[in-house]
Amino acid sequence: MIFTSGANKLNDNRNVRTKISSNRQSIKTAPTKAAEIPEYLQLYQTPPGDDISLTEFDDIAMERLKLLKSFENLKDSVSLYNDEFKDKFRKLCDGTKLIVFPDQKPPHQEEVYELWRRDNIGHFILRLAFCRTPENQKWLTQIEGDFLRFRLRQEREQVLDSALANVNFTIEKLGYTEKQAMIEDLEAACQFNLFEAPNKTFYKVDFIDAIELIRRGSVHLKKGFAYFPFDDLVTILVTKMKNNMMAAMARSFKHLAILEEEGRLLPRLSLLSNNAYSGKDYNGEQPDGSIIVTRHMIDKLSRRSFAPCMKQMHNHLRVNHHLKYGARRQYGLFLKGIGLSLDEAIAMMRDEFTKKITSDKFDKEYGYNIRYMYGKEGRRVAQTAMSCATIILRNPPSAVDCHGCPFRHSEKQVLKQKLGSDAILKKEQIERIAELAELNQYDKACTRYFEFMHNLEEGGLGQLITHPNQFYEESQKIVAERIAAKQESQEAPAPKIEKMDTE
């Protein structure tokens, strides 16, 4: 076996970096002057070419990520194309340095350019941050595509025509003569009647760039070109942007490891991708007035308020009286996050583990790790519970493990069996959840599970589940509200019935 020396490896990396640097001059970069931008809308085909500070890097990236998450959460509960969505999203966009609606465009070109620049930079930063796993790539591509689709549908035809001037593929608007020559074919293929078609705007593009429309059967094909109406232009542009994104992120991933910015840039990129799914930290600190959780309450809590991942590990612990390291860490930090004290956590694990091993062996082999998670050993830093992103993207389970995310790490049939064991979900609800998991929409699958388990309508929760402890907290809120409502109805005085005069 031949090993490459450290010096040779360093030289290899330098050679690759030199090659990348030499290629940069052939890459077209985004405009750096206000007069150069073709229109404030863009399809993100040219990366930014100016320098920014780390402070601006953080500010722009986090602003865009928060906006995309707000967009996703709202889209999950309100139809994307109705007025309610527009009104609610407009309020969420207040103060955002990005043109989302046409009437937000400033009067001065310099101001437009600054917003355009932040739009461009934010998009490409997130590309870098989310290029390292297929799940992250797919999430960003989908949400950026939906966001662009929403923005394009707000615009007039003239604005979209201006945006077409800045695309890197050929797309042409049909002239009057060409349109009239094939008007009957266009009517038939695009399902317009005789009076509608002459007043419609049509475009043509290489058929390879219209696969989505061809699949739907809504285009006219002729000599390698696809002809389609203006109504489908947005589909073409969004599909092209998403394809470009996926290809670009795959290339970025190959070069990310040899960047000279490891000390400053890569930690920031990791933070962005991790924060895409996680909200607040669950470190076990409970607000005043919270219910004290004890080990004797866990069985009942697991049945009604645990996410499937935690319920799976809890049941495994009760049946097998043991958890492997990955499950002990994932489940242990979750229990810490819901407020289980260190003493209660040790007592709970000892009760189960000592059904197979001695108490001394438990103390020697497992007690230290529990105390470590609570910040009482080692570095003495209290650890926080794992978010869904951490569970999904790190330390995937083997066939004999019980940790991980059931929606991500279970085969479809196995997942359906697990969901069926709850005996609460209906068959069609299980199918719905399994379909979302198969589409890699794990957060939506878990959210639907939550809603069905709590007798809510789809979208009734009003947010996406992105953390097992969030699942627990939201469940406990609903349970508390329903108990309070029941008590209130029982305490209400019975209506007084007047005695009727029968005389």
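Backbone N, Cα and C atoms are what each Cβ position is placed from, and that goes for glycine too.
On a predicted model such as this, the values are computed, not experimentally measured, just so you know.
Features as listed in Swiss-Prot:
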BINDING   Cys309, Cys388, Cys405, Cys446  [4Fe-4S] cluster binding site
In sequence order, which residues at least six apart in the same chain have a CB under 8 Å from the CB of Cys309 ([4Fe-4S] cluster binding site)? Gln330, Ile391, His403, Gly404, Cys405, Pro406, Pro468
So among the binding-site residues Cys388, Cys405, Cys446, who's got the most Cβ atoms within 10 Å? Cys446
Show, in sequence order, which residues other than Cys309, Cys388, Cys405, Cys446 on the same chain lie with their Cβ within 8 Å of the centre of the Cβ atoms of the [4Fe-4S] cluster site. Ala307, Pro308, Ile391, Ile392, Pro406, Phe407, Arg408, Tyr442, Asp443, Ile465, Pro468
